[in-house]
Amino acid sequence: MDFLSAWIVSPSALPFLCLILGTQAQQAFRSEPRNLTVRMGATAVLRCEVLRASGTVQWVKDGLLLGPQRSLPGFQRYSMTGNPKRGQYHLQIEKAQLEDEAHYECQAGQSESSQAIISTAVWVNMLIPPSKPYFVVNMATPWVARAKYTVTCIAPDAKPMAEITLYKDGVELTGAESFTTSSSTDKLVNTHAEVTFTALSSDNGRQLACHAQNPALFRPVETTMTMSVYFPPQPPVIVGLEREEVKAGRMLVLECVSYGGNPLATLHWTKNGEVLSKTWEVDVAAQKSSSILILKISPADNQAVVCCESVNLVSLSPLSVCRKITVLFEPAEVTLLGSFTSVEGQELNLACYATSSNPPVQIRWWLGYKELNTTGATMEEGDNGGMTTMSNMTHRVSREEDELQLTCEAFNKGTHFSKTQITILNVYYPPQKVWLDTPSPDVPLRSGTTVRLICFSTGGNPTATLTWFKNGKVVTDALRPTSFDRSVARELVLVLTASDNMATYRCDASNKAKKTISAHTKLLVHFTAVSMKISTKQEKLRRGQGITLECQSGSSNPEASISWSLGGLRFQGVEQPPRRAQFGGVSVHSSLSLNLSSQHHNQHVICQAYTPVLAERANTFFKLNVLYPPEFSPKQPAQVQVVEDDMATIPLLVSANPEEVSCIWLHRREKLVKEGNLRYHWSEQSSLEIKNVTRKNAGVYTVKCTNDEGVNQTSVMLDVQYAPSVKAEKEPVLVNLGETADLICVADANPIISGMFSWKWLGEAMVELGEETQEDESGLLTIYDVTRAHAGLYQCTADNDIAPPATVDVQLVVQFKPDLQKGAQWRKIASRGDGTTTAEVVCQAEGIPRVDFTWEKNGVRMDFANPRYEEQTVREGSFHTSRVRVVNVSAALDYAVFSCTARNSLGEDKLDIQLVSTNYPDPPSSFRQIGFSHDSVTLDWIPSFNGGLRQRFRVRYRWDQSVSFLYVDVFPPGATTFTVTGLQPVTTYNFSVNALNAMGESGYADNNAVLTITTKERPDLEEVPTDDDSFSHTVLMFLMCCELGASGLPVYLTVVFTLVFGVLLVFNSLGCFLRLRWKKRRGKTGSKGGNVLDGKKNEEEGSSQSTVSNSNKYESREKINAAAQRTLLVDSGSETDSNVYESYAAESSHYYYPTGDYMPPLSTLPEETRRHDVTHLPVDTNSHLYEDVRDGGLNQDILASPLPSPPFLFDHRLSLQRNEWRAFPQQAAGRGRGVRKPQRDSDLPFELRGELV
């Protein structure tokens, strides 16, 4: 290609190039694109057709290549169309936009056979229609007729510019001026057209239209607006008032109408210049405004001018129309003037007055049916433009004209209406006779008696008025008169008093005829004293002084006697001779002398007058106002009790006269001040209140009270009771073993009550508390013969019945001489003596006070400066542990007796510990039974020296008829309590236990002792044996039969038994499989908490597990420290239904698999039998006679596993099968078949080898 390019640029090479190309031709344009004008939104096609196209054909827009692909990716609206086989590469632009206006070229790129060709550049011209035109006109204020306005129409964003035409109501407006401005978008312009015209009233509501047109539009775009032109309305007219005269009381309806105007006119009514209504309605269709005025015509409307005005926003002045109203009306009232009552024979002067009316009225007089003559009549101007009329008349009356109607009639000619005023004429004449009905004046009447006096009168007009008089004064409380047959009677009811004695009662009869007649009588009345009065000459009364009281009784008839009383006591005064008094009675006088005390204050001294004839008494009292200094009530308390934090109230019961007492409170000789202390509150004579009282407020409070008569004081003890607080008098309390301990707690409380102290032991074990006593505020617990079990925390509680009780803990420390742990497991420690290992000799002592250790080796004090020996002492409470680390143990140098001596101030203790070579373990001890049932036995033992290696245990047992022993390994391996299950009821078994480690096994516990146990009977309610039990028994029977067969049974019997038990094994396996599936389904919904109680029970029975260590510290039955035990026995690991051992260590947690759900393949198998030095094994040659668990085997893996693994859960009572052994490949290695097969030292790992000394 470089060669060809060199020849292309050289004209001299063209002939040579033609020779090389031969028949290949140059590409050329068949058709080239042309300039194109396109409306916006249309589809534009630029044609390009290439002959013999061999190069890449592309389009260029303003110098930018659009790409060779026909879909032109990146340009959504662009694509190349046409048949490419015919060389058609037309550029199609869909939905053309303004941005498509540009120069375009069609290019065919260079190829091997042709040069590149480029078409003529063409221009795509876009036609953009204008946007919707809009008016720019000032419509903020409405147009007014006959004013000139300029309207502008704008057609924005067009290309080319738009032509604008303006129309008014379809008629083109001439004289419009047009110009253009730049648009906000490039290449587009805005066209403006302005026209000025004069607004006419006829233009209102017409449309103003703007049309915009350019080549991009097929039809012009249009916008319109409706013109609103304001012009004034026409003058109004009033409809509904045909005549000017209108009768008063008529409802007049007037309508005011105004036509035209924009906006339509507003209307309002006025009467005599006062606005009546501003309400109107508009009818746009009829182009009118109307207003209705409803007037109720009254006389005040006479000669009134009613106007209607119309106006709108452009009216130069209001237009109005007015009408005058004449009102015809009657007089508002007709009034009769003068007196219409008279004594017979006198003349009446009367007048009749008619108020203003239009026209004036005429007046006539009538008496009964007789018309009377008028003396004269006058007229004057009245209200509302009318006239008033007055008529006078004089007439002499007689008795016969009494109660006739007198009528005044006023007639109006305009309204043809008469109005009258009627009254009754009364003629008076005097009564004829009067008399009385009363008691006889000579009969005495008792005071308080009710008597009736009746007065009668006849004749007269009007009926006589009866009036009662007492001693010439009118009696106002007489009953109402009673009239009958032109007669009248009036009764006077009297409740006799002293004033009625010899009083004159008179009755007068009179009426309006002004003539009076009367009658009279007298009464004799007996009465007690009318008044009582006590007086004294002393102005002020004081305590300790004397007083003389004078009692004066008022008038009584007959004479009365006087007596005195004070409280419940009666006194006889000094009387003087009686005197004449009012109401015809006599008056009596008496005096009394007293010595005054404060108790007489406010008491009443009563003076009483007694009349024997009437057996009645009259009395009065004198209230003693005795002045005395403050005195405290006998009920004033001397002591007040209150509970702390409550509000204390110290009552103040004080009395004094004058009562203005000033009191101050003193506490501890200091005056209490309310200001600044919100806790104290009291008034001058009220109780003292102390809020949130505390024990500091207790004590004597003195109140000192003062008034004008003197000073007095009293004291009150405030006893603040509070809940106890308690503290130990001594803590901790140290006491030597066997001595007496005194634990004392001291309480701060009020009150101190008997039996307020109680003691409680806070330890776990039960101990017997000592003697509890109390000495005042101290509680004492005395413990005699103190033992180590008494050591610990004691709680003293003080309760004085005021909550809350208080407690304090007192630590009792029992001091005793050191006591070393001396079990068999503490006396030995094993280690290899090859100089490569480290041994740790442990000595543990319990003692208080501090225990110090000294060490000897073979009786010689050890020198810890030697780097091979290190000593460390750890103290935890009363336990002291000393550890001696022997580095690079040598059999020759270190296999010795280490002596540990523990000392404190109370004594010492010594223990010899032997360091020996690693060996098989010592036999366990204290082998015993702790429980049994019909099918299980629970055993317990104490481990001994483990030989320096981790040890485990194996239980051996047999029943009476068995010919060999059965063995079962204890699981977990370190457990010292184990339950053997699957036993037969009422069967005697012999049990033994021994220990095993990696070097061998020990003899059986307690010098090969055998524990004989007979199981219980099966319960009456037999439970269906589980599949596991039946399967285990089947296996056991099968193995026993195999052993018997091997011992000498015929071969055919052995074969039969083998087949039978083979079938039983198949069925049992099938049953176990179905049962496991059922358990799994139940386990998904079952509860997991059922075995915690079992675990607690086993723990209470003493189950324990040992902890294997590299030191000489082993499990024993010694209860070292129950509180320090950190392992929670959730469930016994040796029970078939147990669950989990969970160890709460500081940083880790170990889970032991429950034996009920899991047991490693260590089942009970028959012991091998040896005959003639030949060992006979069971029939199954692939089974194991016995499988023990090494330290590195299955058990160790299980213990290290943090969580159980469900697929590997087995029952320890199941026989071992081949597939079960394959599930645990680690177990197959290193297993021995013999029970006591000895191991050579060379068979052990190197780290377990040692030297025997």
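Quick reminder: no glycine exception, Cβ is built from N, Cα and C everywhere.
TrEMBL: automatically predicted annotations, no manual curation.
Pulled from TrEMBL:
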COMPBIAS  1103-1113  compositional bias 'Polar residues'
COMPBIAS  1238-1253  compositional bias 'Basic and acidic residues'
DOMAIN    11-119  domain 'Ig-like'
DOMAIN    133-226  domain 'Ig-like'
DOMAIN    235-326  domain 'Ig-like'
DOMAIN    331-425  domain 'Ig-like'
DOMAIN    431-518  domain 'Ig-like'
DOMAIN    528-609  domain 'Ig-like'
DOMAIN    630-719  domain 'Ig-like'
DOMAIN    724-809  domain 'Ig-like'
DOMAIN    818-914  domain 'Ig-like'
DOMAIN    923-1018  domain 'Fibronectin type-III'
REGION    1083-1116  region 'Disordered'
REGION    1226-1253  region 'Disordered'
SIGNAL    1-25  signal peptide
TRANSMEM  1049-1074  transmembrane segment
Residue counts (helix, strand, coil, in that order) that DSSP gives for the domain 'Ig-like' (133-226): 3 helix, 54 strand, 37 coil
Stretch-averaged pLDDT - the domain 'Ig-like' (818-914): 92
Feature contact check the domain 'Ig-like' (331-425) with the domain 'Ig-like' (528-609), CB under 8 Å, 3 or more pairs: no
DSSP-derived helix, strand and coil totals, residue by residue, for the domain 'Ig-like' (235-326): 3 helix, 54 strand, 35 coil
For the domain 'Ig-like' (818-914), residues assigned helix / strand / coil by DSSP: 7 helix, 58 strand, 32 coil
Summary of DSSP states over the domain 'Ig-like' (630-719), given as helix, strand and coil counts: 3 helix, 47 strand, 40 coil
